[in-house]
């Protein structure tokens, strides 16, 4: 048997060496031959002197599937707060003080789907915005600390009560100020509710302030379990390390999911621990499922932005994730012997303490691994021979499975390809790799790795040029209508009990006060839909103003901005108001006025608005009668369709219909 293993090892090595002329086959070459070919670094992987920090997992914001693709360990979701949070608003479970609904939005569904695929996935909740009633008239969530803590705890309790979801970690306020007394009160309220197992992450911003505060405040130090920083550039602050607490990059990546984005992801997954002792890295975002022209288009690990066609793309960051996630689990430990390669790149190694070992090596070049932030100082990566020596409890490992990725030119590109396994019995636990730029290797004792296959996605299609929605859904699965993307305000399916006829089921804007904002939400509510490249279009929609005297609604076309830029959106906006006036503006804010006048409009009555934009001119109708014509429109040239209200007010929409051309 021993002779066969030695023979098999030599045969496999010769095969690997022979195949090394091709990128995909290059796994390991004989140690003696390597020494003759070129000098290289030697790296010892040893647990004799103990282990490094406990690994907490790799995740994504807003999830996982065991050994198929990304196989994420962590899903971090937004606790919807009714405000704009980069590419849209997410509804709160408590729009108003006496309101509770644990079926709004998509996060509950997403968490349950993640649990189906990975029952052990870690769940994290974090607020970006908060409903306005918590602020008592101020744009601040810390006016009443007990009330805000109560609001967050109800979300955790509701997750369990209505969806059987156990939230593992809770955050404070995404990338905004923390309040030490609030964190302490939150801990006490969690304990009072029997939620001692829920841990607190703070402060999802920078390292410095929260770390220093913890070192000076014993009670705060005690109640914060994890220090989470965003986009740390693979480094942590001195004070953060002095606390001895777990350190996480609790939001990172947010880079276009090209091969450069994949290089960014591969580099930081290793170097966040090597440089900064971060034991978890969480990508923003999980899946790019929003209109691509919104901010940070295609900045997810994969792309699925055409629900109307079903088209999706499993982008390279998914397979880069797999190099770590498929061969580790939370509860494993990093080895102390991790670090940088002599000629650029890095390596980490992790063990489960039961004999299993996983080694991840990356050689991402500066050019092909720039993340969107922060600035990346220049470094050089060049071809090198790297010898790894297994010692301690790993010295007797007989075989390692090998997985390989090469990013870059299509002709040389491989994504998560399994190579021949590496036999070590005749090499004293040593092996040498011939490493080139922009490569990833995973060498592991685990034999469970798998590159999942999936059906060819449906062909990409533009948004339908003819689109209708009458919102006639009696028991909607989701609270929001498909394809509409709320940018300020919240638009939900509504059953109008006062109208058993044509407008029994409608879409309603449900916020009556401005939320505690995270971004620069508009002063008006707005939901966009359609194809950003639409130029000529006719939008028709029934509208219902609920607020007497001051209320107002609009339909719009060629809307050119959204997300965190929504306040400055341009387009053609057709407004009617309960005070008996209409207005046509060239922007959402209403500064650019094309036309205005009087019209027979009042609250509590249905009207049909029609907006037609063709070339450089636009016209509008009220109840199918012409109200204004041939208003010149020179900018924008294209954009989405939209509906909305004049302020944070109740209003309803029905029988939405658009006919458009690109």
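Glycine residues also receive a Cβ, built from the backbone N, Cα and C atoms like all the rest.
According to TrEMBL, the active site, proton donor/acceptor annotation covers 175. In sequence order, 204, 205, 230, 251, 518 are the residues of the chain that are 6 or more apart from residue 175 (active site, proton donor/acceptor) and have a CB within less than 8 Å of its CB.
Annotated active site, nucleophile per TrEMBL: 251, in sequence order.
Marked as domain 'Glycosyl hydrolase family 59 catalytic' by TrEMBL: 66-326.
Residues annotated as domain 'Glycosyl hydrolase family 59 central' in TrEMBL: 334-449.
The domain 'Glycosyl hydrolase family 59 C-terminal lectin' annotation in TrEMBL covers 486-660. Taking the domain 'Glycosyl hydrolase family 59 C-terminal lectin' (486-660) as a whole, pLDDT averages 97 in the prediction.
According to TrEMBL, the signal peptide annotation covers 1-42.
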I'd like the Cβ neighbour count for residue 251 (active site, nucleophile), meaning other Cβ atoms within 10 Å of its Cβ, all protein chains included.
25
As a quick check of your reading of DSSP, tell me how many residues in the domain 'Glycosyl hydrolase family 59 central' (334-449) are helical, how many are strand and how many are coil.
6 helix, 53 strand, 57 coil
